[in-house]
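Reviewing the structure listed below.
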Amino acid sequence: VSPWDIALCATGTAGAGENALVLAVLFYTPSLRAPMFLLIGSLALADLLAGLGLVANFAVRYLLRPPSEAAELAAAGLLLAAFSASVCSLLAITVDRYLSLYNALTYHSERTLGFTCAMVLLMWLLCLGVGLLPLLGWNCLRDQSACSILRPVTKDNAAVLAVTFLLLFALMMQLYLQICKIAFRHAQQIAVQHQFIATAQATSTRKGLSTLSLILGTFALCWIPFAIYSLVADSSYPAVYTYSLALPATCNSLINPIIYAFRNPDIQKSLWLACCGCIPSTFSSRPRTSSDV
């Protein structure tokens, strides 16, 4: 058994447990029903499935005897669907952040829970379609020379996935730049007004920018090297290179709950209530807005 595969399986198990906790908090807390928390839940569900996909891939490779091509393709499809949904959820969160600042006055009336549910459902259907591709022919089981580092995905198809990922990340970065411009404009207006409400909004905006910076920065560090490597490498490259880049990428599912969900004050309150039945006095009592996510 490869130590790298053991590390990936352990990472998947830990990631699945963390994200299951996030989903449990969101599900059992009635106050966490706003569209922004639905997007957090979508990200947590994607990362949960990614963790389960890593565990399933380990089981198919080492525990299933005799080996099954259908099981291998199904495990690969689960990983593709989960990581695609994770990327799309992060993009949706970025778009939601942009709209909450760009249309601050009409955001809550336009971004209804039903509309957000419909968008998330469409996103997941698209990602599930991506996950079915290995079963529909996007595989190299009949021609091992065509395999990419993402076996059983072919090199050409892996290149398509990598390019698509890089384009989506470029879009996220462009939106992030627009968010920064809006935030700086708000800061200039706040400096003139010197009002309590404006000061509260400034604090909220800074917190949102810091959270988004952590998510996108961590996401880039985890995934960009692996995406670029999958563009130039194939199955003939040493496996240690693939493992050394794939492990940080899969760790992104471990990091997301820590830097995103668990930093949210409302989720923190729910966790404190669930664990000890109380809320620490250090928590602020001011109302939360979408900019706090």
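Cβ atoms are placed via backbone N, Cα and C, with glycine included.
What TrEMBL says about a protein is an automatic prediction, not a curated fact.
Taken from TrEMBL, the feature transmembrane segment applies to 6-29 (among others). If one looks beyond the transmembrane segment (6-29) by at least 6 residues along the same chain, the residues whose Cβ comes under 8 Å of a Cβ in the stretch are 37, 40-41, 44-45, 47-48, 50-55, 57-58, 243, 246-247, 250-251, 253-254, 256-258, 261-262, 266-267, 270-271, 274.
The domain 'G-protein coupled receptors family 1 profile' annotation in TrEMBL covers 18-260.
Packing against the transmembrane segment (36-64) from elsewhere in the chain are residues 1, 5-6, 8-9, 11-20, 22-23, 26-27, 71-72, 74-76, 78-79, 81-83, 85-86, 88-90, 92-93, 96, 100, 113, 116-117, 120, 123-124, 127, 250, 252-253, 256-257, 260-261, 264, 266-267, 290, 293: each is 6 or more residues past its ends and has a CB under 8 Å from a CB in it. Here TrEMBL flags 36-64 (among others) as transmembrane segment.
According to TrEMBL, the transmembrane segment annotation covers 70-93 (among others). Same-chain residues lying 6 or more positions outside the transmembrane segment (70-93) and placing a CB less than 8 Å from one of its CB atoms are 39-40, 42-43, 45-47, 49-50, 52-54, 56-57, 59-61, 64, 119-120, 123-124, 126-128, 130-135, 139, 141, 150-153, 161, 165, 168-169, 171-172, 215-216, 219, 252-253, 256, 293.
Look at TrEMBL and you will find 113-138 (among others) tagged as transmembrane segment.
Under the heading transmembrane segment, TrEMBL lists 158-177 (among others). Non-local neighbours of the transmembrane segment (158-177) in the same chain are 80, 87-88, 90-91, 94-95, 97-98, 148-150, 212-213, 216, 219-220, 223-224, 227-228, 230-231; each lies 6+ residues outside the stretch with a CB under 8 Å from one of its CB atoms.
Positions annotated as transmembrane segment by TrEMBL: 209-228 (among others).
Sequence-distant contacts of the transmembrane segment (240-262) (same chain, six or more residues past either end, CB-CB distance under 8 Å): 2, 4, 7-8, 11-12, 14-15, 18-19, 21-22, 25, 40, 43-44, 46-47, 50-51, 54, 86, 149, 211, 214-215, 218-219, 221-223, 225-226, 229, 233, 268, 271. Per TrEMBL, transmembrane segment is recorded for 240-262 (among others).
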